[in-house]
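Over in TrEMBL, the protein carries these features:
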DOMAIN    5-191  domain 'YrdC-like'
BINDING   27, 113, 133, 173  L-threonine binding site
BINDING   50, 59, 109, 135, 143, 187, 223  ATP binding site
Ligand code: TXA
Ligand code: MG
């Protein structure tokens, strides 16, 4: 089992030696290694069972340091960075040679982000290399939002998990790339589209799928529990009451089903709170003695779009089934 602790210097020592460490971020926990060390990067792919065609995000603590790793930082990219870093935003920018091809799966852009988490920021400040960090879940399974989620799934394979409490946002970062003058959102996430559009004007949203070479990791089946998950409208779910199913609901319980088997994402209907609870509640339902899970859509606005995106991917039978 990994040790769970909040000692930055222990995490730092492991990372300098090339070992992997579980790290907290404001979005989800990451499985981190030295992004400039090919051996560390390779062991990230192995530890997660992640296919080599699915590139990694690198994390550092300042916009200035990003300049060491990217060869171009356009005006729009800079405007987004200035407005939203540190925060749940990842930018795809042309990479410098210092970034191993393994990190980017051979693409000529690298995904970069400055996360917003006090303990992680301090760790990153003390390192003279960026951290490559995918979400700390086995490939295809639900992303972890606290240290014990990481322990439960990767604890046998790593030595240390840096504990930074529960992830505040609870959804992965929004991924944004650039093509000529266009700004393209490749993954819906913790930063809302409207916020991005406020800074750079209208964006194109293309959060799809394995056929999209720009975001090879956006596979259709992802974030999935082991139990089959059916995503349905509220009215339909209300007709499916039975005691051998779990229910993931937006703001209200349903009648005639044991509440033990139900989770309500936000009783007040707050999308932020719903996003914060989403993955943890999915995990809880997945561990109950039930046969399947019914989930209802969140309102299709703001963070609700990202929540529905995750539920949609979780509902497709895939590698985790
Ligand atoms: O919030 C987050 O972004 C979390 C935390 C740990 O920072 N990380 C995360 O990483 O979600 P991961 O590896 O689970 O998802 C990264 C996504 C994948 O879909 C991958 O395909 C895409 O980013 N990606 C990475 N580099 C890319 C590139 N150069 N071009 C297109 N997509 C890229
Ligand atoms: Mg992931």
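Every residue gets a Cβ built from N, Cα and C, even glycine.
Because the structure is a prediction, the values reported are computed rather than measured.
Sequence features annotated in TrEMBL and their locations in the structure.
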{"residue": "27", "record": "L-threonine binding site", "DSSP (3 states)": "coil"}
{"residue": "50", "record": "ATP binding site", "DSSP (3 states)": "coil"}
{"residue": "59", "record": "ATP binding site", "DSSP (3 states)": "strand"}
{"residue": "109", "record": "ATP binding site", "DSSP (3 states)": "strand"}
{"residue": "133", "record": "L-threonine binding site", "DSSP (3 states)": "coil"}
{"residue": "143", "record": "ATP binding site", "DSSP (3 states)": "coil"}
{"residue": "173", "record": "L-threonine binding site", "DSSP (3 states)": "coil"}
{"residue": "223", "record": "ATP binding site", "DSSP (3 states)": "coil"}
In the chain carrying residue 135 (ATP binding site), residues 6 or more apart in sequence that have Cβ under 8 angstroms from it:
28, 29, 30, 31, 143, 144, 172
For ligand 1, pick out the binding-site residues 50, 143, 223 that have a CB under 6 angstroms away from one of its atoms.
none
Looking only at the binding-site residues 59, 109, 187, 223, residue 133 (L-threonine binding site) has its closest CA neighbour at 59
Tally every other Cβ atom lying within 10 Å of the Cβ atom of residue 59 (ATP binding site).
28
Test of understanding: give the count of other CB atoms lying within 10 angstroms of the CB of residue 173 (L-threonine binding site).
25
I'd like to know which of the binding-site residues listed (27, 50, 59, 173, 187, 223) lie near ligand 2, counting only a CB under 6 Å away.
none
Model confidence over the domain 'YrdC-like' (5-191), as mean pLDDT, sits at 97
Going along the chain, which residues six or more apart from residue 223 (ATP binding site) have their CB under 8 A from its CB?
140, 141, 142, 143, 279, 282, 310, 313, 314
Using the alpha carbons only, what distance in Å do you get between residue 173 (L-threonine binding site) and residue 187 (ATP binding site) once rounded?
8
Within 10 Å, the Cβ with the most other Cβ atoms among the binding-site residues 109, 143 is that of 143
Densest Cβ environment (other Cβ within 10 Å) across the binding-site residues 50, 113, 187 belongs to 113
Local Cβ density at residue 133 (L-threonine binding site) - other Cβ atoms counted within 10 Å
26
In which DSSP state, out of helix, strand and coil, do we find residue 187 (ATP binding site)?
strand
Give the sequence-ordered list of residues that share a chain with residue 27 (L-threonine binding site), lie 6 or more positions from it, and have CB atoms under 8 Å from its CB.
88, 115, 167, 169, 170, 171, 172, 173, 189, 190
